[in-house]
């Protein structure tokens, strides 16, 4: 007896179901799911895999996304606790990690996340040996280093989301002050993601017009317009959002999808992302910090050599020293 499907559809060939543009998100917390929905809305993948250790939550999130399939162009959404669901991924995004407990030292948090990465990274590598790794978990610069060490991948394929979001926040706030869309406001925040990030005042421009040339006090303590406040707001904004809603999710999700788009579509756009910076700016240790990187199908193919002031360079070096101080204590 022919089934309804057999009566309706005449099959012409047995197809190999190997995905061509698969993306995996590890960790289905608020950040992981914001990354997932942002990627789905951009039609970047032909398959999306979700992985987590909490199976009920994982299945629920997968089903919820699958039920939106009519409105999406990603034909396959899968999930599992077992990493075999991640096989043949082009890009693997890591958002999983321990949350900082009240009063917990940064070093202690890092070590807890290292232990989590010691489980995640080898499993990812086993099933997708040629993937690019995009690290989002905090502290992102240190954990990108950890992922690089554990994976054994070449440095071009291990990328930290880094200052992509810090720079986006910076450009948004710049735009608010000037009444111009952030896309037309150019400015870069580099270095360590978070508190010790470095705004490059000399590079701020709209339509190629340097703000520093028009307003030489820009970013200094003498500045009557207090543009330094803009960077201060960038640093404080995450803490404020966390205080108000408990976590940040949407902006980082959109930021990660922006990076994923450059990688999956081989766009060769320039992003401030965390990469191995040894040998630049007088840095002699294996540390990852954000500098402008060209992102494409091989991950980071090139860096843009930014001219920094001696003060900016010193701040970058200080961040590198702080990170190395923590990294050399880590137990792998």
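One-based numbering along the chain as shown.
Yeah, the Cβs are placed from backbone N, Cα and C, and that goes for glycine too.
Feature list (source: Swiss-Prot):
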| type | residues | note |
| --- | --- | --- |
| ACT_SITE | 193 | active site, proton acceptor |
| BINDING | 29-57, 99, 138 | NAD(+) binding site |
| BINDING | 106, 138, 169, 248 | substrate binding site |
| MOD_RES | 5 | N6-acetyllysine |
| MOD_RES | 10 | phosphotyrosine |
| MOD_RES | 57 | N6-acetyllysine |
| MOD_RES | 118 | N6-acetyllysine |
| MOD_RES | 118 | N6-succinyllysine |
| MOD_RES | 126 | N6-acetyllysine |
| MOD_RES | 239 | phosphotyrosine |
| MOD_RES | 243 | N6-acetyllysine |
| MOD_RES | 309 | phosphothreonine |
| MOD_RES | 310 | phosphoserine |
| MOD_RES | 318 | N6-acetyllysine |
| MOD_RES | 322 | phosphothreonine |
Pick the one among the modified residues 5, 118 whose Cβ has the fewest other Cβ atoms within 10 Å in this structure.
-> 5
Cα-Cα, residue 309 (phosphothreonine) versus residue 169 (substrate binding site), nearest Å, comes out at 22
Taking residue 138 (substrate binding site) as the reference, which of 33, 37, 49, 57, 126, 318 (the recorded positions) have a CA within 10 A of its CA?
-> none
Integer Å value for the Cα distance linking residue 49 (NAD(+) binding site) with residue 248 (substrate binding site) is 22
If you skip the near sequence neighbours and keep only those at least six away, which residues in the chain come within under 8 angstroms of residue 248 (substrate binding site), Cβ to Cβ?
-> 30, 31, 238, 241, 242
Are there any residues in the same chain, six or more apart in sequence, whose C-beta is under 8 angstroms from the C-beta of residue 126 (N6-acetyllysine), and if so which?
-> 83
Just jot down the residues in the same chain as residue 29 (NAD(+) binding site), at least 6 apart in sequence, with C-beta under 8 A of its C-beta; none if empty.
-> 95, 96, 247
Cα distance, residue 169 (substrate binding site) to residue 57 (NAD(+) binding site), nearest Å?
-> 30
If you draw a 10 Å sphere on the Cβ of residue 45 (NAD(+) binding site), how many other Cβ atoms land inside?
-> 26
Candidates 33, 41, 45, 322 (recorded positions) passing the 10 Å Cα cutoff around residue 243 (N6-acetyllysine) are none
